[in-house]
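In Swiss-Prot this protein carries:
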REGION    1-266  region 'Amidoligase domain'
BINDING   Ser14, Asp147, Ile148, Glu149, Lys187, Thr188, Lys189, Pro190, Thr191, Gln192, Lys223  CTP binding site
BINDING   Ser14, Lys187, Thr188, Lys189, Pro190, Thr191, Gln192, Lys223  UTP binding site
BINDING   Ser15, Leu16, Gly17, Lys18, Gly19, Ile20, Asp72, Lys239, Asp240, Val241  ATP binding site
BINDING   Asp72, Glu140  Mg(2+) binding site
DOMAIN    291-542  domain 'Glutamine amidotransferase type-1'
BINDING   Gly352, Leu380, Gly381, Met382, Gln383, Glu403, Arg470  L-glutamine binding site
ACT_SITE  Cys379  active site, nucleophile
ACT_SITE  His515  active site
ACT_SITE  Glu517  active site
Amino acid sequence: MKTNYIFVTGGVVSSLGKGIAAASLAAILEARGLNVTMMKLDPYINVDPGTMSPIQHGEVFVTDDGAETDLDLGHYERFIRTKMTRRNNFTTGRVYSEVLRKERRGDYLGATIQVIPHITNEIKERIIRGGEGHDVVLVEVGGTVGDIESLPFLEAIRQMAAEVGREHTFYLHLTLVPYLAASGEVKTKPTQHSVKELLSIGIQPDALICRSDRVIPANERAKIALFCNVPEKAVISLKDVDSIYKIPALLKSQGLDDYICKRFSLDCPVANLSEWEQVIYEEANPEGEVTIGMVGKYVELPDAYKSVIEALKHGGFKSRVAVNIKLIDSQDVETRGVEILKGLDAILVPGGFGERGVEGKIMAARYARENKIPYLGICLGMQVAMIEFARNVANMEDANSTEFAPDCKYPVIALITEWRDENGNLEVRTENSDLGGTMRLGAQPCHLSGDSLVRTLYGKNTITERHRHRYEVNNLLLKRIEDAGLRIAGRSVDNKLVEIIENPNHPWFVACQFHPEFTSTPRDGHPLFAGFVKAAFDYQKGLLK
């Protein structure tokens, strides 16, 4: 079957939820038996989001093959079964970098390099490569129609209709239809102007998804259809909902998938959304409620921890427990003390970089250890747990990470100088290496200790999880920490790197160097998060032993 392309654009305002809408549509098409993948085209000039501030951009989502990508790829993996790779996300910076590399190499035979055709051709080639082997590929174009940064991408997707055939391309435009309380009606004019802007580029949308805080009346949808030159059945009303996992059913109920399949001449069965119905049931029918404190440094933007927040919710689904997440600034723990941690059913310290707020995270790990509160540390959350244990249990008072104190007496966490990448090739780094793309990245296997809690949770001896870190436990000081009572529950396959630690003198204290949140999904959950949420509920009920 020839690959079909659905291009998803957004208008009127940013942050409309293009990624969620596109992923929900992909979930329906996948439920019809189609082989679906997704792509995100980002208009910023950074090569990738790896060195961008989480407070500006949100989290960096890491794929199995080690790509540092946009957080929307996390949504994609949570909604469809297809695993994302570095092919599924690229930026303006990445495209220009590749075109300039080819120009320096002489690939263009002395031609004058221009946005059209050289940049647009590179974009089209990447879209086609990313969609190879799939029935349908949904391509989300970042930004808002009208932004100057998005123009090369919009021109490229316009040209795709001629490249692969109009019968294999579908343009889906997401807009805002605001409600004005003063007049008591929804206003369609912003949508009309957004489509007009798209038409000026040469793209006629095939369908519109209209975001609003309420159902858009049929007469207003007919008006939008008339002025925007689309069939009425192709104007989809997408109202605000209390759970993003309800959106696939909402789109299906309006026949968007039928309309698209008919357009592509795809003969496939009706979508079976029973798995999503089960997710919605689990979310809506908890048998208890817990409050988990997440102690981090980027808490002013929850999207900086998007996958962790979603993974905690998934853990709640599988444990039939509603999870309330209390975001706590680690600097507040430093200034106000551990009193602000009282009343929590569990504590999670997520990943992060830099010295700011790290002592607050160490205090949180100590509070959880001493008060027998369930603790889950992720990446830096494992490192601070190791530092805390070394200082306060193993009598290594000056213990620290060389990231924060290069000359400390006990560098229990230190820079990894070499490791094997996902292809088995040796990677070497020093303190002077570039920050971008120089970490231990992607899926890595890990052997679990037979007597560990994590072995029981995972139910197997070897697991594969995704990494994103530059520092690791210092093996030269490890024996003293183990002798003080800390258990190494997981190691890399070559036995050189510590991947998971546990405290056997604590009812539920687990910390891992990898990022389990990247592989958690609403349908399957994740054993670490499900176990963590259950431990929080048992702690609340006084049942945690």
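For all residues, glycine too, the Cβ spot is worked out from N, Cα and C.
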Practice item. In whole Å, note down how far the CA of Ser14 (CTP binding site) lies from the CA of Met382 (L-glutamine binding site). Key: 36
Review point. Same-chain residues six or more away whose CB lies under 8 A from the CB of Ser14 (CTP binding site)?
Key: Gly143, Thr144
Exercise for review: Averaged across the domain 'Glutamine amidotransferase type-1' (291-542), what pLDDT does the model get? Just tell me the whole number, please.
Suggested key: 92
Point to revise | DSSP three-state assignment (helix, strand or coil) for His515 (active site) | key: coil
Practice item. Could you state the whole-number distance in Å separating the C-alpha atoms of His515 (active site) and the residue listed as 'active site, nucleophile'? Key: 7
Review point. When you measure from the Cβ of Lys223 (CTP binding site), which residues in the chain that are at least 6 apart have a Cβ under 8 Å away?
Key: Thr188
Exercise for review: Over all pairs in Ser15, Leu16, Gly17, Lys18, Gly19, Ile20, Asp72, Lys239, Asp240, Val241, the listed ATP binding residues, work out the largest Cα-Cα distance in Å.
Suggested key: 20
Practice item. Would you find the one among the recorded positions Glu403, Glu517 whose Cβ has the most company, meaning other Cβ atoms within 10 Å? Key: Glu517
Point to revise | Lys187 (CTP binding site) and Gly19 (ATP binding site), Cα-Cα, nearest whole angstrom | key: 24
Point to revise | Among Ile148, Leu380, the most crowded of the binding-site residues [Cβ within 10 Å] | key: Leu380
Exercise for review: List the same-chain residues at least 6 positions away in sequence whose Cβ sits under 8 Å from the Cβ of Glu140 (Mg(2+) binding site), in sequence order, or say none.
Suggested key: Val8, Lys18, Gly19, Ala22, Met38, Met39, Lys40, Leu41, Asp72
Revision key, fill the gap. Looking at the binding-site residues Pro190, Gly352, the one with the fewest other Cβ atoms inside 10 Å is Pro190
Review point. Expressed to the nearest Å, what is the distance separating Leu380 (L-glutamine binding site) and Glu517 (active site) at their Cα atoms?
Key: 14
Point to revise | Gln192 (UTP binding site) versus Gly352 (L-glutamine binding site) - Cα distance in angstrom | key: 43
Review point. Helix, strand or coil: which one is Glu140 (Mg(2+) binding site) in, per DSSP?
Key: strand
Revision key, fill the gap. Counting every protein chain shown, other Cβ atoms within 10 Å of the Cβ of Ser15 (ATP binding site) number 9
